[in-house]
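Colleague: Below is a structure I'd like to ask you about.
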Amino acid sequence: MMITKQSYQKFALMRVFVFSLSAFIFNTTEFVPVALLSDIAKSFEMESATVGLMITAYAWVVSLGSLPLMLLSAKIERKRLLLFLFALFIASHILSALAWNFWVLLISRIGIAFAHSIFWSITASLVIRVAPRNKKQQALGLLALGSSLAMILGLPLGRIIGQMLDWRSTFGVIGGVATLIALLMWKLLPPLPSRNAGTLASVPILMKRPLLMGIYLLVIMVISGHFTTYSYIEPFIIQISQFSPDITTLMLFVFGLAGVAGSFLFGRLYAKNSRKFIAFAMILVICPQLLLFVFKNLEWVIFLQIFLWGIGITSLTIALQMRVLQLAPDATDVASAIFSGSYNVGIGSGALFGSIVIHQLGLGYIGFVGGALGLLALFWLRFITIKFKKT
């Protein structure tokens, strides 16, 4: 009996690991264009600002597509659906690698965004299903770890490949790695019938849960604030702090590395007091932004701020996702789809707000505005916490 139990634990952990790898590859491809923007612009003889529109387009496609695409796929067996998503993901990366003009590249990115929309709508609930019985919370932490590793390893490796070969090779390699992950998924995952996915009828039911709606608004507010600053952190460090490109790269690496610590802290502390955990994580996101300009020339302080900020945003993202699942156990996929859409509204809005701040006030002010949006989100958290204290 002990061998059977050990075998179960081993396979369950391997399945969680496959989902973590999947999170890694999806998050890598979402943000790797940032590291390749100049090279892509040069190859198409375009301005970087114009090419950057594909990042905005990606976020908005995910925002608009998450819920309707999840509903369309609600009754499909989950393993089959995942393999289809990876097929679309891989084919779109092949098209990215072969793109003969910017519009073809944009179309390929939209294909990837469609896969992303459904993947993140169903993955959180699935990783909890396949995890060992006593490791559900840790499984969600491992999923977030995969996302963090995309920032630590995925983006730097993507840039290195792009510099050594070309940007097309980066997309080709991502497609190749995704193929290996899909094979692992096909081999390791059991049949996963759709369960508690929810239907279109679930949407009005969820909308009648005020705390859940409050959490979605909180996600939009705090992520908008985060990406108001984070979208332009690289030019801030180079132009305002006047640190070298190598130091800038190291700081971005530290930000990603901090995500690992954030995942660990979530696994250890969230269950003890979820409300305080979310509030503390938000403070870790807000304070470094507000103080970014104040300590702009103190290298070690900026490193510390970046590290704490990275811990905060990773911890907060997982905690809010877990809270959504707890508030909607009867429609986990619909709830996750709305969460993913809300998160990407925050990404797109934050990048837009940051651009407006830079043009109207200057690059040095992004942290103040991003932090101010975060403070509004913190006040909103306080309000819904008091109003729905027993929920």
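Keep in mind that glycine also has a Cβ here, set from the backbone N, Cα and C atoms.
According to Swiss-Prot, the record shows the following:
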| type | residues | note |
| --- | --- | --- |
| TRANSMEM | 16-36 | transmembrane segment |
| TRANSMEM | 51-71 | transmembrane segment |
| TRANSMEM | 82-102 | transmembrane segment |
| TRANSMEM | 103-123 | transmembrane segment |
| TRANSMEM | 138-158 | transmembrane segment |
| TRANSMEM | 171-191 | transmembrane segment |
| TRANSMEM | 210-230 | transmembrane segment |
| TRANSMEM | 247-267 | transmembrane segment |
| TRANSMEM | 277-297 | transmembrane segment |
| TRANSMEM | 300-320 | transmembrane segment |
| TRANSMEM | 338-358 | transmembrane segment |
| TRANSMEM | 361-381 | transmembrane segment |
Colleague: Counting only pairs at least 6 apart in sequence, do the transmembrane segment (138-158) and the transmembrane segment (51-71) share 3+ Cβ pairs under 8 Å?
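Modeller: Not in contact, no.
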Colleague: Cβ under 8 Å to the transmembrane segment (51-71), counting only same-chain residues 6 or more beyond its ends: which ones?
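Modeller: For the transmembrane segment (51-71), the sequence-distant neighbours (Cβ-Cβ under 8 Å, at least 6 residues beyond its ends) are 30, 33-34, 37, 40-41, 44, 102, 105-106, 109-110, 112-114, 116-118, 120-122, 197-200, 203, 333-334, 336-338, 340-342, 344-345, 347-348, 351-352.
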Colleague: By a Cβ-Cβ criterion of under 8 Å, what residues six or more beyond either terminus of the transmembrane segment (171-191) are in contact with it?
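Modeller: Same-chain contacts beyond the flanks: 11, 14-15, 18, 21-22, 25, 28-29, 32, 77, 79, 82-83, 86-87, 89-90, 93-94, 96-97, 130, 158, 161.
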Colleague: What stretch in 16-36, 210-230, 361-381 has the biggest tally of Cβ pairs under 8 Å against the transmembrane segment (277-297)?
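Modeller: Per the Cβ under 8 Å count, 361-381.
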